[in-house]
Amino acid sequence: MERGEWENQTLLMEFLLLGLGDAHELQAPLFLLCLTIYTVTMVGNILIILLVVTDPHLHTPMYFFLVNLSSLETCYSSTILPRLLASFLTGDRTISVQGCMAQFFFFGTFATSECYLLAAMSYDRYLAICQPLLYASLMNWKVCLQLVAGSWIAGLIISTGITSFISRQRFCGPSAIDHFFCEEAPLLELSCSDTGMIRILIIILSFPDVVFPFLFTLASYVCIIDAILRIPSSMGRHKAFSTCSSHLTMVIVFYGTLIIVYMLPRTAPLRQLNKMFSFFYTVLTPLMNPLIYSLRNREIKGAL
């Protein structure tokens with residue numbers, strides 16, 4: 001675009017988040033649903049953190065990772081749901097460009113950190129099941145702290161890179177984002193800059209962002225399942241599988257919906273379906289974490 005054409009473009013100062021739907025009669029039920037989900041998510045994850053911190057029997061690497069996962073889920077939900085709840089109450093769906101970039105940054109940080117933390121948790125379960133005699137020496141507190149710190153730092157660095165690229169785009173209109181939060185694909189659709197290079201950079205960054213942690217987690221569970229199948233007794237296999245079943249459930253739910261969201265083409269007929277799956281992995285997954293661990297984990301139930 002020529003310089004004169006750029007000068008004639010009016011840069012947007014705010015976006016309009018179209019949300020989950022325009023039907024007026026659905027706003028009250030959606031508000032109550034989201035409020036219930038947010039309340040249960042916050043209470044459940046904070047309760048898990050308090051249980052692990054206060055119960056000495058849970059001061060193990062697995063539960064140290066769980067505390068960090070619950071902290072991530074709490075932050076993760078808080079980047080999206082309070083803004084969504086406010087829009088239901090006030091009817092104001094606008095968000096400033098700076099606010100949108102801030103939401104995108106924090107969402108990206110917590111989502112990427114969760115990918116790495118799930119990979120670290122899968123490594124912990126791999127050592128516990130496949131290398132039980134070496135577990136105590138290989139998974140000491142120094143290693144645990146390094147893995148957790150690395151997860152948070154990786155999320156921060158990758159999200160900073162992607163956000164800095166997107167924030168340099170020029171947004172000249174239209175202003176409507178057909179989503180309930182500021183996500184990468186809908187944002188780029190509104191850019192009046194050339195997005196070819198940034199799309200390539202985002203694809204490159206998606207490898208350390210999602211692909212590498214996913215492949216590491218997948219490889220860990222291939223080894224874990226192989227080791228469990230080689231256990232001769234059915235009781236031994238059940239006991240070994242029970243130590244990783246909660247985490248495996250979280251991995252399947254998180255990556256399953258994430259893959260569906262980013263594999264679905266962003267065509268008009270599929271946008272509502274895309275939003276539904278986005279709602280699942282951004283809003284319902286943090287809710288499922290405390291439910292899965294409290295219902296399937298004997299030690300958490302014992303601490304309760």
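Cβ atoms here come from the backbone N, Cα and C positions, even for glycine.
TrEMBL lists 30-53, 62-81, 101-123, 143-166, 196-229, 241-264, 276-295 with the feature transmembrane segment. If you look up TrEMBL, you'll see 44-293 marked as domain 'G-protein coupled receptors family 1 profile'.
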Against which stretches of its own chain does the transmembrane segment (241-264) lie, if we need a Cβ under 8 Å and a gap of at least six residues from its ends? 62, 69, 114, 118, 121-122, 125, 128-129, 210, 214, 217, 221, 224, 228, 270, 273-274, 277-278, 280-281, 285, 288-289, 292-293, 296-298
Tertiary contacts of the transmembrane segment (30-53) (same chain, 6+ residues out, Cβ under 8 Å): 20-21, 59, 63-64, 66-67, 70-71, 73-74, 77-78, 81-82, 84-85, 88-89, 283-284, 286-287, 289-291, 293-294, 300, 303-304
Would you mind giving the whole-number mean pLDDT across the domain 'G-protein coupled receptors family 1 profile' (44-293)? 87
At a threshold of under 8 Å on Cβ distances, which of 62-81, 143-166, 196-229 pairs most often with the transmembrane segment (101-123)? 143-166
Intrachain residues whose Cβ lies under 8 Å of the transmembrane segment (143-166), provided they are six or more past its termini: 61, 64-65, 68, 101, 104-106, 108-117, 119-120, 123, 184, 187-188, 198, 201-202, 205, 208-209
